[in-house]
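Below: one structure, written as structure tokens.
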Amino acid sequence: MMAPQTDKGGERDLESGLARGSPSHRSSSPIRALSLSLSGKRMDREAAASPSASAPATPALVLSNSGKRMDQAASPSLVLSNSGKRMDSLGKKKYVKQVTGRHNDTELHLAAQRGDLAAVRQILGEIDAQMTGTAMGADFDADLAEIRAAVVNDVNEVEETPLFTAAEKGFLDVVVELLKYSDRESLTRKNRSGFDVLHVAARQGHQAIVQILLDHDPTLIKTFGQSNATPLITAATRGHTEVVNLLLEQDASLIELSKNNGKNALHFAARQGYVEIVKALLGKDPQLARRTDKKGQTALHMAVKGTSSEVVKALVDADPAIVMLPDRAGNTALHVATRKKRAEIVNLLLLLPDTNVNALTRDHKTAFDIVEGLPLSEESADIKECLSRCGACRANELNQPRDELRKTVTEIKQDVHIQLEQTRKTNKNVHGIAKELRKLHREGINNATNSVTVVAVLFATVAFAAIFTVPGGTQDTGVAVVVQKGSFKVFFIFNAIALFTSLAVVVVQITLVRGETKAERRVVEIINKLMWLASVCTTVAFIASSYIVVGRHFQWAAILVTLIGGVIMAGVLGTMTFYVVKSKRTRSIRKREKSMRRSASSSWHHNSELSDSEIDRIYAI
């Protein structure tokens, strides 16, 4: 790196900011041309007067916000760039100054690192001085603000702005000065470690800077750092109580947020043993002690890994029951403290009434089993003695009746579960069968009603035709020849009854709306009895007509027909009547039994009811 040089005109290097001519030459220098480059934007202003031959050239400043180079030249121009990797000024002489620092910091970064407020103001002020006289009005103010913001918000190789550097070092006055020119993007920008300005201030414990940043932009409290960490988690992890209290005052809901691994601020504070922070967090929400991470660990699990008994006491005082909360591996706080050989914390836990000294982990180990597996040391010996004094024993030495009872209960649970599963499957099968039977029953009713309709139409047709083809024939006037006989009168009356009964059945059938099984069944019961009547009347009409047809000489044939028809019809009707009475008695008995079984399960009751009302009744009468 070349050292900065000065020529005879008295120009100086860039250690303190922008280069300018010596007092002896400044008065004789013409108005210099200014070239400002902001991401490719240029503004040129020619000199008001050409320099004389004897006048020395005024050096120009090249400011690079990329952090790579800053060049000084003897050309009368100023080049400011916040986008390029390298900038060279035009002129006869060129003096180069490499940006210094481990991370290619700019002069403003270096001033912020030192906490040199005067140097920061000088760098920013010289930008104003160089811009003075180049333009007027709103454009001048906008360009000046743009250049100043570009310089202030520039980042080095690790993505840190001068404001970030000042906040990390704790220079409040520099932070206040740079915050005037910082935008939202620079405030939320994260460096390569994943920290933004608020997180790094909270991490370093700079309470005043945290307050200033939140006053400037309260939404910064909702930003996230490494692994989704909040500013509260960052401060609690480093033990900065004042910052934690400040953040809790600003937004108490931060305690609900956790990192990607499920740990919240209480987990980290408890692990590090920061008792004041633990008390502050529990003061906002005592139930926070029960929150678990992705491994099922509470803050007490984290606390017993450390060495602070005060933190353990604070957590147990907030919720004594957490002492027996296991993680996903079944470890309680006593198991973890034993494994970590925290003798003092083990003694403290054993004094708690809620502690079960013989609690088992998922791999069926007690705390005594764990301590016996540890290397022999003074701590492990003390823990073993304390556990023995409190009645601890190995897992295989636990009370056998208790194990047998547990085993019996487990077996009973398994048997009950199997029975319930079988019952569920049986009920499912029964419901399926019942559904299928209902479907078949409905189809049977439909078929029965269709058959009855056909038969009723047939009866009506025969009865209607019989009145016009009366036995014995008719006279020329259309009157029946045997109209005076008693058998004809019987035929006429019963034939009419059969006709009108059949027509009534047809009317009911064509009017009935399908879909209601119970209603259809009742209708079938009625029309079946009507069809009985029509059948009886048709039989009587036929027998009466047989007496007319055969005459007196063959009256024995009519008597034979009467006997045959009477026996058949009486037998059929008698049998059907018997089944009607029997069915009614059976239903009444089942109703009484059903009322006595009301304590049975609802599913069995439902199935039995379905069986009584729909399945057993295989005929509709």
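A Cβ is built for glycine as well, from the same backbone N, Cα and C atoms used for every other residue.
TrEMBL has this to say about the protein:
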- 48-59: compositional bias 'Low complexity' (COMPBIAS)
- 443-549: domain 'PGG' (DOMAIN)
- 1-59: region 'Disordered' (REGION)
- 193-216: repeat 'ANK' (REPEAT)
- 227-259: repeat 'ANK' (REPEAT)
- 261-293: repeat 'ANK' (REPEAT)
- 295-317: repeat 'ANK' (REPEAT)
- 329-350: repeat 'ANK' (REPEAT)
- 448-470: transmembrane segment (TRANSMEM)
- 490-510: transmembrane segment (TRANSMEM)
- 530-550: transmembrane segment (TRANSMEM)
- 556-581: transmembrane segment (TRANSMEM)
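Beyond the ends of the transmembrane segment (448-470), by six or more residues, the same chain brings 480, 482, 488, 491-492, 495-496, 498-499, 501-503, 505-506, 509-510, 512, 520, 523-524, 527-528, 531, 534-535, 538, 541, 545, 620 to within a C-beta distance below 8 angstroms of the stretch. Long-range neighbours of the repeat 'ANK' (227-259) within the same chain, counting only residues 6 or more positions beyond its ends whose Cβ lies under 8 Å from a Cβ of the stretch, are 194-195, 198-199, 202-207, 210-211, 214, 218, 220-221, 265-269, 272, 274, 276-277, 280-281, 284-285, 288, 291, 293. Remark: secondary structure over the repeat 'ANK' (261-293) totals 23 helix, 0 strand, 10 coil, with classes taken from DSSP.
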